[in-house]
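Features as listed in Swiss-Prot:
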- 533-548: compositional bias 'Polar residues' (COMPBIAS)
- 518-548: region 'Disordered' (REGION)
- 1-23: topological domain 'Cytoplasmic' (TOPO_DOM)
- 45-69: topological domain 'Extracellular' (TOPO_DOM)
- 91-98: topological domain 'Cytoplasmic' (TOPO_DOM)
- 120-123: topological domain 'Extracellular' (TOPO_DOM)
- 145-163: topological domain 'Cytoplasmic' (TOPO_DOM)
- 185-210: topological domain 'Extracellular' (TOPO_DOM)
- 232-303: topological domain 'Cytoplasmic' (TOPO_DOM)
- 325-355: topological domain 'Extracellular' (TOPO_DOM)
- 400-405: topological domain 'Extracellular' (TOPO_DOM)
- 427-449: topological domain 'Cytoplasmic' (TOPO_DOM)
- 471-490: topological domain 'Extracellular' (TOPO_DOM)
- 512-548: topological domain 'Cytoplasmic' (TOPO_DOM)
- 24-44: transmembrane segment (TRANSMEM)
- 70-90: transmembrane segment (TRANSMEM)
- 99-119: transmembrane segment (TRANSMEM)
- 124-144: transmembrane segment (TRANSMEM)
- 164-184: transmembrane segment (TRANSMEM)
- 211-231: transmembrane segment (TRANSMEM)
- 304-324: transmembrane segment (TRANSMEM)
- 356-376: transmembrane segment (TRANSMEM)
- 379-399: transmembrane segment (TRANSMEM)
- 406-426: transmembrane segment (TRANSMEM)
- 450-470: transmembrane segment (TRANSMEM)
- 491-511: transmembrane segment (TRANSMEM)
Amino acid sequence: MVQDRKVLDALDTAKTQWYHFTAVVIAGMGFFTDAYDLFSISLVTKLLGRIYYFNPASKSPGSLPPNVSAAVNGVAFCGTLAGQLFFGWLGDKMGRKKVYGMTLMLMVICCLASGLSFGSSAKGVMATLCFFRFWLGFGIGGDYPLSATIMSEYANKRTRGAFIAAVFAMQGFGNLTGGIVAIIVSAAFKLRFDAPAYRDDRAGSTVPQADYAWRIVLMFGAIPALLTYYWRMKMPETARYTALVAKNDKKAAADMARVLNVELVDEQEKAAAATAAAAEEEAARREQYGLFSREFARRHGHHLLGTTVCWFVLDIAYYSQNLFQKDIYTAVQWLPKADTMSALEEMFKISRAQTLVALCGTIPGYWFTVLFIDIVGRFAIQLGGFFLMTAFMLGLAVPYHHWTTPGNHVGFVVMYAFTFFFANFGPNSTTFIVPAEIFPARLRSTCHGISSAAGKMGAIVGSFGFLYAAQSTDPSKTDAGYPRGIGVRNSLFLLAGCNVVGFLFTFLVPESKGKSLEELSGENEMEAEPAAATNSYRQTVPDSGQSE
């Protein structure tokens with residue numbers, strides 16, 4: 001239908017404006033909160049073990065039993081997976097805006113509830129913590145398809161990749177803030193309630209007030225989400241959803257007039273009657289295939305396979321490293337042995353290590369993607385990222401014993417940081433961006449939800465599997481309660497193999513740089529464009545300014 005074609009053309013050629021940047025902040029703050037909530041748990045798991053699983057007869061500080069640790073670390077991912085599928089589907093059925101506020105409020109409530117976890121026993125506290133973190137993950141899951149879809153549908157085609165990447169890049173600041181908050185909280189508590197090392201005083205090394213420290217860290221995640229709730233509710237529905245799915249061209253153009261300087265003119269009213277028949281015919285053609293149809297499989301089946309597999313294997317590698325950075329640091333002696341520190345000191349040093357990696361390896365990679373994705377393209381960045389991640393992981397794994405010898409620990413951390421850099425300046429960003437671009441509008445949120453859910457399945461495999469796989473091959477050196485594993489070195493080989501799989505499946509995903517969403521999804525092929533309405537719309541800014 002020509003009206004929505006004109007709406008979409010106006011969106012694709014619209015000049016980059018202030019509202020685009022506002023949308024990045026509004027959508028990006030959700031990802032800031034997402035990253036903070038998902039990664040902050042790794043900063044406090046050692047502290048949880050010391051508080052709730054203390055054994056005065058043990059020579060080592062208390063630690064979470066394997067099943068409890070797996071649940072605490074992985075339950076939010078289970079919720080995220082479910083949320084991605086549910087809210088992705090709901091975003092296509094009800095509209096992006098209507099669902100957007102639900103996810104944010106769920107995140108706020110469950111952030112606060114996680115910090116208020118209660119119970120008369122250690123199991124009780126862990127059970128309530130896991131319950132609230134599951135629903136926290138459920139809300140976080142909804143943010144993935146909705147934020148990506150909203151940003152892709154607002155942006156013009158020349159800078160669309162950079163804007164979606166900027167939304168995702170807020171994860172880096174979420175990680176960094178998680179580390180900074182944990183550093184401040186642990187340092188403040190340590191200053192006020194200093195304690196001896198565990199080997200000097202087993203019971204006294206964990207002060208009772210430490211039970212407040214982890215709660216404060218988890219609850220802080222509610223603040224940025226709460227601050228952006230009002231602005232999310234003020235965002236209009238995306239014009240692409242209104243025009244292509246709700247089929248209300250007049251409202252789509254009116255919404256654009258509010259935020260993107262594009263308005264409806266009287267001629268549209270005159271053209272509406274003349275194009276009604278064409279609109280009905282086109283609508284019927286658009287609805288001729290659904291997600292599970294042969295036509296979808298023919299047009300987009302290989303695309304969906306590529307996006308899901310790439311995100312799945314990427315998250316196995318990415319999240320297993322992120323969640324267990326502290327274990328790798330300990331293995332190379334970058335962190336002191338646990339019994340030489342008090343509980344709060346251990347939390348401080350774990351947080352400091354994660355903050356350093358976020359600052360040096362994580363954040364730069366995200367913003368390199370923002371700068372180069374509309375120049376180099378999605379395909380090249382993803383392919384190169386998988387290749388270099390493989391190379392650096394093999395560089396860590398092959399001479400692993402060299403890296404663990406005295407004097408080489410800094411080199412290990414540098415290599416490890418480069419692995420994160422090329423994950424973020426690579427597939428960790430592009431696997432989020434591409435599914436928001438290549439599928440039809442009526443299935444865009446659903447397909448992004450499916451792709452991101454595959455990623456979270458990989459995160460579950462990484463977070464649960466790595467707990468066991470990375471244990472030492474020497475039974476005497478495993479963590480309490482864990483069976484013998486394959487060791488960190490062999491685990492790195494496995495993760496490198498995952499990256500090779502991602503490299504190969506990248507070839508199923510099309511390049512989307514510089515193309516309109518309708519061109520990528522094939523919706524252009526199904527459009528009838530009556531000549532009578534070619535001038536239905538006009539832009540309020542001069543044509544000469546629409547070069548971005």
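Yeah, the Cβs are placed from backbone N, Cα and C, and that goes for glycine too.
Across the topological domain 'Extracellular' (120-123), DSSP assigns 2 helix, 0 strand, 2 coil. Over the topological domain 'Extracellular' (45-69) the predicted model carries a mean pLDDT of 91.
Sequence-distant contacts of the transmembrane segment (491-511) (same chain, six or more residues past either end, CB-CB distance under 8 Å): 302-303, 305-307, 309-310, 313-314, 316-317, 320-321, 377-379, 382-383, 386-387, 389-390, 393-394, 396-397, 400, 427, 434, 438, 466, 469-470, 485, 520. Most Cβ pairs under 8 A with the transmembrane segment (99-119) among the ranges 70-90, 164-184, 304-324 are made by 70-90. Where the transmembrane segment (24-44) meets the stretches 70-90, 124-144, 304-324, 406-426, the count of C-beta pairs under 8 angstroms peaks at 124-144.
Taking pairs at least six residues apart, the transmembrane segment (164-184) and the transmembrane segment (124-144) share fewer than three Cβ pairs below 8 Å and do not count as touching. Using DSSP to sort the residues of the topological domain 'Extracellular' (471-490) gives these counts of helix, strand and coil: 7 helix, 0 strand, 13 coil. Remote same-chain residues near the topological domain 'Extracellular' (185-210) are listed as 47, 50-51, 54, 56, 58-62, 216-217, 338-345, 347-348, 351 (criterion: CB distance under 8 Å, separation of at least six residues from the stretch ends). Remote same-chain partners of the transmembrane segment (304-324), defined as residues 6 or more beyond its termini with a Cβ less than 8 Å from a stretch Cβ, comprise 39, 42, 73, 77, 175, 382, 386, 389, 393, 416, 419-420, 423, 427-428, 431, 434-435, 438-439, 447, 450-452, 454-459, 461-463, 465-467, 470, 491, 495, 498-499, 501-502, 505-509. Contacts between the transmembrane segment (450-470) and the transmembrane segment (70-90): present, as 3 or more C-beta pairs lie under 8 angstroms, all at sequence separation of six or more. Long-range contacts of the transmembrane segment (124-144) within the same chain, counting only residues at least 6 positions beyond its ends with a Cβ under 8 Å from a Cβ of the stretch, are 30-31, 33-34, 37-38, 41, 48, 52, 64, 68, 71-72, 75-88, 90-91, 99, 102-107, 110-111, 113-114, 117-118, 432, 448-449, 452-453, 456. Taking H, G and I as helix, E and B as strand and the rest as coil, DSSP gives the topological domain 'Cytoplasmic' (145-163) the counts 14 helix, 0 strand, 5 coil.
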